[in-house]
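The structure appears right after this line, and notes come after that.
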Amino acid sequence: MLRLVSQGALAFSSTSTWSSSITSLTYRGIRLWSAAYTTTSNSVPEKLHVCVVGSGPSGFYTVDRLLKRYGDGVHVSILDRLPTPFGLVRSGVAPDHQDTKNVINQFSSIAGDARVSFLGNVLVGRDVDVNELRALHHAVVLAYGAESDRRLDIPGEDGSPGAGVFSAREFVWWYNGHPDARHLPIDLSKVRSVAICGIGNVALDCARALLAPPLRFVPTDLAAHALAQLTGDHQTGGGSAVREVHLVARRGPVQAACTPKELKELLTDCGVSARTATPDQLTVSEADSAEMKATRLKRRVFELVSKAVGEASAADAATAAGDRSSPQRRRDLFFQFYRNPVEVLRGPGGAVTGLRVERTAVRPDGPGGTSVAVGSGVFDTIPCDMVLKSIGYKSLPVQGVAFDCRRGVIPNVAGRVLQQTNATASSAASGSTSGSGGGGKGGVPAADVGLYVVGWLKRGPTGIIGTNLVDAEETVDSLAGDAEALLRAGEMSHGSAGPPGAAGLEALLRQRGVRVVGWRRWRLLDEHELAAGRAAGRVREKVTEVREMLRICGFAVE
Ligand code: NAP
């Protein structure tokens, strides 16, 4: 245990200065905390001070688990870089999935708890760094999610801004009113056809936003700028010109990453005609049959696609035969199965004109016999004016913490962050791949005691909101296993009172002039948005500019 204690203390002693009789923690000349230092006390401090970086689902579930486990013996600081809490629930969950957002009620009561301090508008790396957070708390849990994207790495992917290629994350942030995506150059009045690469649930969210009748979104909290583009307005008229969406999947319908419930919603609630690029795309191989037999969800996805495509072609045939009673669908959804994107095609001026794809076959050539898409050398062009890349989110590194650039996660064992090695230094964000490197026994880096990770940053960008509950439980279990050592390390460093936690952090941020949005200030903004929503007959009217948010939160903004 003592070895662990000294490791924990070392993490910040190199950047801190101390007086001999008073524990006066200074960092870069700023006094963070002081307390009478006693070496004779055997008692451990009463409270465990934990800092959670990120207030999305994984962050809040971590706080929840900590409160349940430690009762009054814990105080948690929960940080967000935005003035608004809830991360992906606010900026990621589709506006027409309001039920999913009900979890905000649970998170709000957690944040309002006296044992919790919400500190919004605090960017780690700009306003405070990880070492400072560690010096002020017994433990830090990184829960800042995935705010970047996997890349296709194909020609034409990167155009000048406004050149029609966006990640699904950017598009979702745009329609959800995330301040960073508020001004993306998206003009749906000029877009007729959209190719979405990938067929996971995020791709379906994007397809629904583009294809469903705009009235579906009027009562929701879809950002006003996005709603105006979908519906048009009395000044500009217009509205969305989108008439077709292509879901481009490198494998077949049986391997689609989406889930049946979400697929059914798109196919039955949105008034679309579903088609496949070619008739043979619903032919199943023996391996497909075996896969469907083994997994009911896969069979269900296949059945839903087949049924929808069958109904659309029957309706087409009836219309062609003069039957006017068959349902008129407003927009087309093309399944482009067995198609791998190879190039974004651009016309003069850089505007997107199409997506070039290579036809593929699915073979069991992946690790452990998993099916992978193999190119055929035959190419097609999907005409489109906009491309959305929905192939997965990716986390970003933070200074001073190990990072696996290839997987886009912080290397960890059950949530315990592994120490940085040459191969996993976060400066490797420039692009080097990760490796196990030296550091611990047998070349496996040792755990960086006192530093933990949870959520997409820990396991990669998979799973629904509820997945984070189990994930947070695991990380808090790991933290709890270290708690005694952490408490003693805190006592050695700070005296019997332990580190200052949220109070010390708030003092530091005040000293630095950071406009911290605490829970009371956030509630002002929350009330403002809800009232504006009520007036417009909507769930909420989101504020989408940080300056305006801060003004409503009670700060003087010039
Ligand atoms: P996802 O489910 O992992 O789907 C990613 C898609 O991108 C797959 O179709 C994948 O194809 C494809 N892809 C990956 N790399 C590619 C490449 N280089 N070229 C072409 N295609 C590529 O990811 P997601 O849609 O971003 O969703 C993330 C998580 O959030 C998932 O667990 C999802 O269920 C969850 N989510 C849930 C909901 C909901 O429950 N309503 C809503 C949104 C998100 P392969 O399969 O061939 O790799």
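Each residue, glycine too, has its Cβ placed from N, Cα and C.
A TrEMBL annotation is a machine prediction, not a hand-curated record.
Features reported for this protein in TrEMBL:
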DOMAIN    49-269  domain 'FAD/NAD(P)-binding'
BINDING   S58, L88, V124, W456, G463, I464, I465  FAD binding site
BINDING   R250, R251, E262, G463  NADP(+) binding site
REGION    421-441  region 'Disordered'
COMPBIAS  423-433  compositional bias 'Low complexity'
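Overlay of TrEMBL feature records on the structure.
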residue: S58; record: FAD binding site; DSSP class: helix
residue: L88; record: FAD binding site; DSSP class: helix
residue: V124; record: FAD binding site; DSSP class: strand
residue: R250; record: NADP(+) binding site; DSSP class: coil
residue: E262; record: NADP(+) binding site; DSSP class: helix
residue: W456; record: FAD binding site; DSSP class: helix
residue: G463; record: FAD binding site; DSSP class: coil
I464 (FAD binding site) to E262 (NADP(+) binding site) - Cα separation in whole Å: 12
Residue from R250, R251, E262 whose C-alpha is spatially nearest that of V124 (FAD binding site), among the binding-site residues: E262
Residue among binding-site residues R250, R251, E262 with Cα closest to the Cα of L88 (FAD binding site): E262
Residues that sit under 8 angstroms from S58 (FAD binding site) by C-beta distance, when 6+ apart in the chain: A143, G145, V454, G455, W456, L457, K458, N468, D471, A472
I465 (FAD binding site) and E262 (NADP(+) binding site), Cα-Cα, nearest whole angstrom: 15
Distance from R251 (NADP(+) binding site) back to I465 (FAD binding site), taken between C-alpha atoms, in Å: 26
Which of R250, W456, G463, I464, I465, the listed binding-site residues, has fewest other Cβ atoms within 10 Å: I464
Integer mean pLDDT for the domain 'FAD/NAD(P)-binding' (49-269): 95
Binding-site residues whose CB lies under 6 angstroms from ligand 1, from R250, W456, I465: R250
Proximal but sequence-remote residues of the same chain as R251 (NADP(+) binding site) (Cβ under 8 Å, at least 6 apart): F337, Y338, T360, V362, S371, V372, A373
Annotated NADP(+) contacts R250, R251, E262, G463, maximal Cα-Cα distance (Å, integer): 21
Spatial separation of R250 (NADP(+) binding site) from G463 (FAD binding site) - C-alpha basis, Å: 21
